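A.B. asks: The iminosuccinate binding site annotation in TrEMBL covers His60, Ser81, Tyr152, Ala153, Asn154, Ser169, His239, Pro240, Glu241, Thr256. As annotated by TrEMBL, [4Fe-4S] cluster binding site applies to Cys126, Cys213, Cys310.
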Amino acid sequence: MQMEATKVIEFELPQMDVGSSCTAAAWARVPDAPSAAEKLRLKTRIKQLLHEKKAVLVAHYYVDAELQDLAEETGGCVSDSLEMARFGRDHAAQTLIVAGVKFMGETAKILSPEKTILMPDLDATCSLDLGCPSDEFAAFCDAHPDRTVVVYANTSAAVKARADWMVTSSIGLDIVAHLHAQGKKILWAPDKHLGGYIQQKTGADMLLWQGSCLVHDEFKGVELDLLKAEYPHAKILVHPESPAAVVALADMVGSTSQMIHAAMTMDAQEFIVATDNGILHKMQMAAPDKRFIVAPTAGNSATCKSCAHCPWMAMNGLANLLYALETGSGEIIVDPSVGKKAKLCIDRMLDFAAAKKANVRPSSDLAQEQKLFSGIGPA
Ligand code: SF4
């Protein structure tokens, strides 16, 4: 087994200037909450234009609750990035409005190249995507030609085009285990925490790119332990982009879809949730009688840049969504040759997920049901 640190991307530290200004720029672009009257006006006009333009809104669990509700009210969907792309691909609409971050818009475009994909703000990105530039990643791959390249969904189209497999946070473990059983050595990018978690679970030989999610990286094991002492009956739900010390305390580790499912089905009334706090809206709707507490990002070692909320997800608002619909701005463009290559690694995963689902019988057992959710959930 080989574990190598190849490139340290702390994102904010020590590259303070680059990282801080980057996050600050994102927070500066987060729209102010509109007044109740303005909100009503914006929502009414968006609904009208979605109808007139035969467009559909797909939103991620981490965006503002107003956008999540609007997507569902208008026949769109609220989900994780892969399901957003699959929904968009299978929907009759020729225009998809993607409320999320750029790699989600790109994945939608890769799966539906003939459709128009618009986003409220094209500068809404992701620290994992930013931390894995395609040219440096290509050089990394070139230096390790003996390895099967597996990338997380949170990467650019150009990085996906260089990969053999794309995976999501739920099916990544199964795919790496499958490749490991075939004797393959893995080159993994970009999330070091998710990669480390999968490596530890599968025992696979994985060379890890050292990227991280700005939001999940800030959850603290020590403080989570202290919070658990305050809520001894609470179950801890953790997304595997979190640091190992946080994952070690989890009652359940899984993707966003799996976490919502666990909140509904686990036998507990209180949950501590280690992922972006945008997910609480859907969790509370799915389990209205239960209590959800955000995992701590504070403490002695705190550097809180996000406080459990992604600044890039927060850039999506009603006003910029309406502007994109009215003007056609914020269109996602993917070079067709890059998109064609990138689609191969996505299709490989989709085929693997479909075959896996076909082999799992429905069961009332939670572990089995969580497996049914496999393949449906990146961040
Ligand atoms: S929450 Fe993390 S992984 Fe998701 S878009 Fe934001 S920075 Fe990227």
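Cβ atoms here come from the backbone N, Cα and C positions, even for glycine.
Small disclaimer: the values here were computed from a predicted structure and weren't measured.
For each feature listed, report its degree of burial, its nearest neighbours and the pertinent distances within the displayed model.
C.D. replies: Classification of Tyr152 (iminosuccinate binding site) by DSSP places it within a strand.
A C-beta separation below 8 Å, combined with a sequence spacing of at least six in one chain, links Cys310 ([4Fe-4S] cluster binding site) to Tyr62, Val101, Cys126, Leu214, Val215, Asp276, Gly278.
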A.B. asks: Taking just the CA atoms, what is the gap between Tyr152 (iminosuccinate binding site) and Cys213 ([4Fe-4S] cluster binding site) in Å?
C.D. replies: 12
A.B. asks: With the Cβ atom as the reference point and anything under 6 Å counting, tell me which of the binding-site residues (His60, Cys126, His239) are near ligand 1.
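C.D. replies: The binding-site residues passing the 6 Å Cβ test are Cys126.
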A.B. asks: If I take the alpha carbons of His60 (iminosuccinate binding site) and Cys213 ([4Fe-4S] cluster binding site), what is the distance between them in whole Å?
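C.D. replies: His60 (iminosuccinate binding site) to Cys213 ([4Fe-4S] cluster binding site), Cα-Cα distance: 16 Å.
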A.B. asks: With the iminosuccinate site defined by the record as His60, Ser81, Tyr152, Ala153, Asn154, Ser169, His239, Pro240, Glu241, Thr256, how many Å span the farthest pair of C-alpha atoms?
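C.D. replies: The widest Cα-Cα gap among those binding residues is 18 Å.
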A.B. asks: So, in DSSP terms, is His60 (iminosuccinate binding site) helix, strand, or coil?
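C.D. replies: For His60 (iminosuccinate binding site) - judged by DSSP and reduced to three states - the answer is strand.
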